[in-house]
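For ASP52, ASP54, SER56, PHE58, GLU63, the entry in TrEMBL reads Ca(2+) 1 binding site. What TrEMBL lists as Ca(2+) 2 binding site is ASP91, ASP93, ASP95, LYS97, GLU102. The domain 'EF-hand' feature in TrEMBL is assigned to 39-74, 78-109.
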Amino acid sequence: MTLTSILSAADIANALKDCQAPDSFGQKKFFQICGLCKKTPKEVTEVFHILDNDQSGFIEEDELKFFLQRFSPSARVLTVAETKAFLKAADDDDDGKIGAEEFQAMVLS
């Protein structure tokens with residue numbers, strides 16, 4: 001399973017282009033542009049598992065830093081401020097990582 005089997009390559013490219021400048025990333029806008037917020041809960045969970053690089057069942061802060069690069073290897077790394085804001089937006093139980101249910105709730109809300 002790849003991201004382009006769920007999201008269109010053109011939508012991913014547009015989402016990445018929108019946030020190519022440092023400190024311009026916002027997860028809500030990114031999910032809207034790439035089309036993820038219009039997907040089914042099952043598809044959002046599949047994307048979560050693709051983004052969970054170490055397959056731990058969570059997306060940790062060190063994985064979030066490279067979030068955009070999971071969509072395209074040439075994309076930039078998120079800044080510290082962007083990474084922390086992203087984590088804070090999704091981490092409902094304050095355990096310092098994003099679980100599949102938290103990710104799905106953030107994307108589909």
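A Cβ is built for glycine as well, from the same backbone N, Cα and C atoms used for every other residue.
Unlike curated entries, TrEMBL annotations are predicted automatically.
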Same-chain residues at least 6 apart in sequence whose Cβ lies under 8 Å from ASP52 (Ca(2+) 1 binding site): PHE58, ILE59, GLU63
Minimum Cα separation from ASP54 (Ca(2+) 1 binding site), reported as the residue among binding-site residues ASP91, ASP93, ASP95, LYS97, GLU102 that achieves it: LYS97
Those residues of the chain, 6+ apart, with a Cβ under 8 Å from that of LYS97 (Ca(2+) 2 binding site): PHE58, ILE59, GLU60, GLU61, LEU87, ASP91
Cα separation, SER56 (Ca(2+) 1 binding site) to ASP93 (Ca(2+) 2 binding site) (Å, whole number): 17
Beyond the site residues ASP91, ASP93, ASP95, LYS97, GLU102: chain residues whose C-beta lies within 8 Å of the centroid, for Ca(2+) 2: PHE58, ALA90, ASP92, ASP94, GLY96, ILE98, GLY99
Folded-back contacts onto the domain 'EF-hand' (78-109), same chain, C-beta under 8 angstroms, at least six residues removed: 22-23, 25, 27, 31, 36-37, 39, 41, 44-45, 47-49, 51, 57-61, 64-68
